[in-house]
Amino acid sequence: AATAPRIPPTRLALHHFDVNYSLQLKDLWPSVRAGLLCEQKYGALLNNFSAVGHVTQELELLNATDFVSEAPKKAQRLQRGAATEEAGREEGRSQEGSGKDATVMQAEMMTQAEMSPPLHDSISSNIKCYTFPRGDITRFRPARPDTLGLLDYYLMDAASLLPVLALNVQPDDFVLDLCAAPGGKTLALLQTGACGHLAANDVSISRTRRLYHILHSYVPKEIREAVRVTSYDGRDWGQLECGTFHKVLVDVPCTTDRHSVMEEENNIFQRRRTKERQMLPMLQLQLLMAGILATKPGGEVVYSTCSLSPLQNEYVIE
């Protein structure tokens with residue numbers, strides 16, 4: 001009997017996304033689809049434990065910029081633009097107001113926009129991640145060790161830093177990275193220099209080994225030995241250490257959309273992993289609940305995925 005042709009999991013993933021995300025994103029889907037299928041662009045997370053002064057100069061000479069420090073400036077420009085637009089609408093509505101009144105009102109709105117820094121309070125100035133401009137596909141050179149053997153930067157998807165920035169770690173916070181491997185976000189949390197205690201957990205022992213490797217390559221011995229690395233099932237954490245942490249990062253397993261359309265290996269759209277994929281939202285919800293239970297009263301939890309799926313994002317939260 002003839003066997004059915006094997007369909008690569010990457011094709012299955014792309015078909016699945018075409019069906020679902022085209023309905024969700026509508027006219028935006030073609031450009032998002034193209035982005036998923038393009039070669040991945042990395043950011044270079046500077047390692048504050050290494051001597052990075054010359055690295056900053058090197059990256060800036062290549063026209064790379066620190067997107068973390070640029071974000072508040074861009075936000076303020078957008079706010080000023082929105083304030084100008086709103087002032088223009090108000091001026092059009094007010095037929096009786098004098099031109100002088102409209103000018104004063106516009107100046108007041110502009111001043112208010114400049115005085116409200118929406119991102120300054122939530123972004124640690126210690127985290128620096130350099131990226132090349134849109135359209136520039138230059139690749140970063142491989143990381144190099146300093147005289148102590150610590151690598152100068154860590155290459156990662158710059159968007160992966162956003163959950164760490166949103167966590168807004170404050171000095172002496174007890175922090176839990178519930179699904180920590182392979183270690184990029186754990187490393188970023190250490191770059192803040194603010195963690196009073198950091199616990200990094202991942203249920204996969206093999207992935208936890210990668211986490212250990214990252215810590216050994218980037219972090220001095222006295223600091224990495226203070227990081228508590230465990231391999232518990234994250235769903236049990238609420239029972240293990242209830243109400244312990246000020247900040248908890250729950251970066252859950254997901255369909256990993258870019259990986260699913262680009263890589264055959266470890267692809268969750270393999271036929272034999274169909275059940276596992278269908279159960280992801282339940283797993284994600286259980287991990288989120290465990291993260292909430294592990295948080296002190298008044299603490300904060302950040303939930304994140306690397307998927308566009310509402311089932312894995314909004315619906316889990318709701």
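Glycine too: its Cβ is placed from the backbone N, Cα and C atoms.
Not measured: the values here are computed from a predicted model.
For 73-101, the entry in TrEMBL reads region 'Disordered'.
The annotation domain 'SAM-dependent MTase RsmB/NOP-type' is assigned in TrEMBL to 78-318.
Among the features that TrEMBL reports, S-adenosyl-L-methionine binding site is placed at Cys179, Ala180, Ala181, Pro182, Gly183, Gly184, Lys185, Asp202, Asp233, Asp251.
TrEMBL lists Cys306 with the feature active site, nucleophile. Residues within less than 8 Å, Cβ to Cβ, of Cys306 (active site, nucleophile) and separated from it by at least 6 positions along the same chain comprise Asp157, Ala159, Ser160, Cys254, Thr256, Asp257, Arg258.
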Least Cβ-crowded entry, counting other Cβ within 10 Å, from the binding-site residues listed as Cys179, Ala181, Gly183, Lys185, Asp233: Asp233
Farthest-apart CA atoms of Cys179, Ala180, Ala181, Pro182, Gly183, Gly184, Lys185, Asp202, Asp233, Asp251, residues recorded for S-adenosyl-L-methionine, distance in Å: 20
Model confidence over the domain 'SAM-dependent MTase RsmB/NOP-type' (78-318) (mean pLDDT, whole number): 88
